[in-house]
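Copied over from TrEMBL:
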DOMAIN    21-254  domain 'Xylose isomerase-like TIM barrel'
ACT_SITE  Glu141  active site, proton donor/acceptor
ACT_SITE  Glu238  active site, proton donor/acceptor
Amino acid sequence: MPLFAANLTMMFTEWSFLDRFDAAAEAGFTAVEYLFPYDVPPEAIAERLARNNLQQALFNLPPGDWAAGERGIAVLPGRFDALKADIDRGLEYAAATGVKRLHLMAGLADPSDSETATRYRRSVAYAAEQLAEKEIDLLIEPINGRNMPGYFLNDFGAAERLIAELGLANLKLQFDIYHRQIMHGDVTVALRRLMPITGHIQIASVPSRHEPDGEELNYPYLFAEIDRIGYDGFVGCEYAPRGRTLDGLDWFKPYARS
Ligand SMILES: O=C(O)C(=O)[C@@H](O)CO
Ligand SMILES: [Mg+2]
């Protein structure tokens, strides 16, 4: 049975950020993920996780100036020292929450520029090496250009090649099924083939990015496939509910902790 993590950036937004942990646990989730924890102290998150017996599945390393439009700084010139500080900050939250995987966003840049690609490779290698010392995986996630125009890592093949080229045991793919379907399709065969390098899966309906209960993809089939191929990691529910979060959880009922 897939181990679902509620994405607290997109789900349970009827509650304040910290109260979302309680609401997710109450709804039967045993794990959570979110984009960024950095607006609240790490101890406050640790307390909510412990209180609700929740596992921290994933969050992102700091992304640069999100409000100003940055979507990661790993590809940006002159930001390597800032990246180092961001990794230290992420590791501070990792120590408090016990998370075992962190996502490094690439940033906005032309994927065909070779100097940018070199900078990205250096950033990813450095981050993976820092995380390896703490036995944490570093994830990279291809993101579709409709949701994030201009994002550097916009192709699953590019992510796969970089992971192979760097050959670092803790560098893994964040396989977001929503992005995969929009960019390439062929979800089932890609899941099977990329399973050895996959460190995290995320889900949402396509094209609306709502509950995984209809539209273009057959999620009951994909959940069974995830079990068939022996994936034992988390499946992050990175979707925006159509209405109130609790009203859209029928799909999750068979998997909920009672
Ligand atoms: O956008 C997604 O998909 C993610 O998983 C985020 O972590 C990137 O912002
Ligand atoms: Mg995602």
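Numbering starts at 1 and runs along the chain as displayed.
Just so you know, glycine gets a Cβ as well, placed from its N, Cα and C.
The Cβ of Glu141 (active site, proton donor/acceptor) has 21 other Cβ atoms within 10 Å, all protein chains considered. A Cα-Cα distance of 13 Å separates Glu238 (active site, proton donor/acceptor) from Glu141 (active site, proton donor/acceptor).
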